[in-house]
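Below is one structure, written out as structure tokens; comments come after it.
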Amino acid sequence: MENKEDGVSNGGGDVLHDIENEGVLLDGKDGIRRNWSGFSERNMSYAEPLLAKRTNTTSQIAIIGANLSPIESLDYEIFENEIFNQDWRSRKKVQIIQYVILKWGFALIIGLGTGLVGLFNNISVENIAGFKLLLTTNLMSQNRYLEAFVAYAGISVVLAAAAAALCAFIAPAAAGSGIPEVKAYLNGVDAHSILAPSTLFVKIFGSVLGVSAGFVVGKEGPMVHTEAASWWRSALLWRTFFTTAVVAIVLRAAIQFCATGRCGLFGEGGLIMYDVGSSKVTYSTGDVLAAILLGVIGGVLGSVYNYLVDKVVRTYSIINEKGPVYKIILVVAIALLTSCCYYFLPWIATCKPCPTNTSVICPSVDESGEYKSFQCNSGYYNDLASLFLNTNDDAIRNLFSSRITKEFHISSLFIYFGTIFFLGIATYGIAVPSGLFIPVILAGAAYGRLVGRLFEPLVKLDTGLFALLGAASFLGGTMRMTVSICVILLELTNDLLLLPLVMLVLLISKSVADGFNKGVYDQILKIKGLPYMESHAEPYMRTLAARDVVSGPLVTFSGIEKVGNILHALESTGHNGFPVIDEPPFSDAPELCGLVLRSHLLVLLKGKNFTKDRVFMSRSISQRISALDFAKAGSGKGLKLEDLDINEEEKSMYVDLHPITNASPYTVIETMSLAKAAILFRQLGLRHMCVVPKSQGRPPVVGILTRHDFMPEHILGLYPGIKPHKED
């Protein structure tokens, strides 16, 4: 896996520079001068592992949608160089106030935008899916069953094909849930098109179309969130809190507005709130034992779910790689399968008489009722149809409802769970935006309610609360994010009294599932080739030192470097970070001046602030350089090597790199354990970590560690004899 995608010039021993001094050799192959003067025969044996021909020959490639994308790390580190420091010192009070207002203004815009997108998605899904369900119900009430199926399946296929076309032709990266990609981004990985505007556009409209088509997916696609950031500044906390407060206000105002009937079929259904608070929560020994059983079941089912999702995604990727047409065909096939299951399986269930002890209308007359008549006569309802022929949100409300006790037959719950379980697996991986939370909650709520019915004589909790615990157990078994899931479930249900049982179920399900495989998002990260760094170091890293994994050649620059040498290095490598070394006569001895980024070098070369002599940059030249020129560019908008226009005369000139060099790069000594270096690298959100020698008389930098160097594939490739398994 070649480090160039991670943005590195990685360690070894070759030093690129052009200084006329002793010990300079001319490499006849490429005409580049390389300095070996720092290595004496005395210390050559000590440095030999670093100088071994350990050059990266493979690449880290991410499969984003169907596109292969080279991977780079993000520049989270704050660069401390002369230009940025001078710019900060010269800022006036008014500019600082403007900067603060701008940050909070963006937070406000993000909050408003997120709230409005959430409102748009919910209103759109409820109205589009509601129209489809109303049309189907009306045709069935007239005993036109074949026409009802054609209408139901036909609308679903059209919506699914439209969602697939958006993903296939506009933004392939929008397929899937998006959480693995965002999780990787917050971990410091930048992959092509993850946060592109086109991806957001397709996420919004594609998720509306996909959910309305009846797929077993969630509409949280564009609402991707996890506080799974591995690098978090405390300054972000208040802005995040402010943003979420804005979202909550927007959504609460939307609910009140739509309650008046101005949002079509959206009505008073709300957004994602599922009411379980009307039940009196009291525990017994039987309830705790049933909760423990749910946790074990959730862990086993979650691990099976993850295993099958892994196999399905890998299989679908082979189909998706054949082109957009195959993507659409696959989506249409799954849409037809889903429509057939949803329409024909309710025919298995027998009609049941409407309950007399409920205030809810039975059979239901709207598109999202709790008692669907389906093919039944007046006064009877079909419990399976009440689950299948509803939106996913309404199906969850029915399963969580405390008003419904024995209305869902045990056999119907079993059929519904099995169908949702396997359709959720079959749907994930197709070219539509698809969230995993809703399918997992649906399946978990179904078997949770099923367990509640089976244990009814021994427990005090009603079946609606068991549905919630079942959803928690399945979420813990699949996603393994216990704290986040606990908070999400409590937000959805608004019932703190269930907190102890929810925590118990989550801990048990996660512990059981961890014995079989990893979480579903971790598996998808691996499938897509995204180099995610875990919060802990692998045990085998303790036996290795930082110097043991650096690979060469190491490409460095002098503090004042010839333009031609810089161009050659940029053309011949894909590195994004280069150590800058000062040598006599500019320093008493070779010393590490800092680290310079490729993007900054391109800006400097574009400005053509060159000198004929090898001297420091004059004040007149430095005043022409603006810090804004070196600001981080948007996705795909940065300067490229092809944008430079430098002639042969300019190549022989010099440029001072000191003003753009980060004078305080993070460094570790070469004997530091790789495990310790990995933890530092992740917690500090680094892209480059310089490895410096332990002894004097050697070049001031041994190599550079990047994300790639901590990946198991790289380490185990260098040392295949190491056992990768974790310690007990």
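Cβ atoms here come from the backbone N, Cα and C positions, even for glycine.
What TrEMBL says about a protein is an automatic prediction, not a curated fact.
Per TrEMBL, these features apply:
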- 660-727: domain 'CBS' (DOMAIN)
- 99-120: transmembrane segment (TRANSMEM)
- 149-173: transmembrane segment (TRANSMEM)
- 194-216: transmembrane segment (TRANSMEM)
- 236-255: transmembrane segment (TRANSMEM)
- 288-308: transmembrane segment (TRANSMEM)
- 328-345: transmembrane segment (TRANSMEM)
- 413-430: transmembrane segment (TRANSMEM)
- 464-490: transmembrane segment (TRANSMEM)
- 496-513: transmembrane segment (TRANSMEM)
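Residues 226-228, 274, 276, 279, 281, 290-291, 294-295, 297-303, 305-306, 396, 399-402, 404, 436-437, 440-441, 443-452, 455, 496, 498-499, 501-503, 505-510, 512-514, 518-522 of the same chain lie 6+ residues outside the transmembrane segment (464-490) yet bring a C-beta within less than 8 angstroms of a C-beta in it.
At the 8 Å Cβ threshold, with sequence separation of at least 6, the transmembrane segment (288-308) comes into contact with the transmembrane segment (496-513) through 3 or more pairs.
Only pairs six or more apart in sequence are counted, and the transmembrane segment (194-216) with the transmembrane segment (496-513) gives fewer than three Cβ pairs under 8 Å, not enough to call it a contact. For the domain 'CBS' (660-727), the number of residues in each DSSP class (helix H, G, I; strand E, B; coil) is 22 helix, 12 strand, 34 coil. Where the transmembrane segment (149-173) meets the stretches 99-120, 236-255, 328-345, 413-430, 496-513, the count of C-beta pairs under 8 angstroms peaks at 328-345. Listed stretches 99-120, 328-345, 496-513 were compared with the transmembrane segment (413-430); the greatest number of C-beta pairs under 8 angstroms is found for 328-345.
Below 8 angstroms of C-beta separation, residues 103-104, 107-108, 110-112, 114-116, 118-119, 270-271 of the same chain, each at least six residues beyond the ends of the transmembrane segment (236-255), sit close to that stretch.
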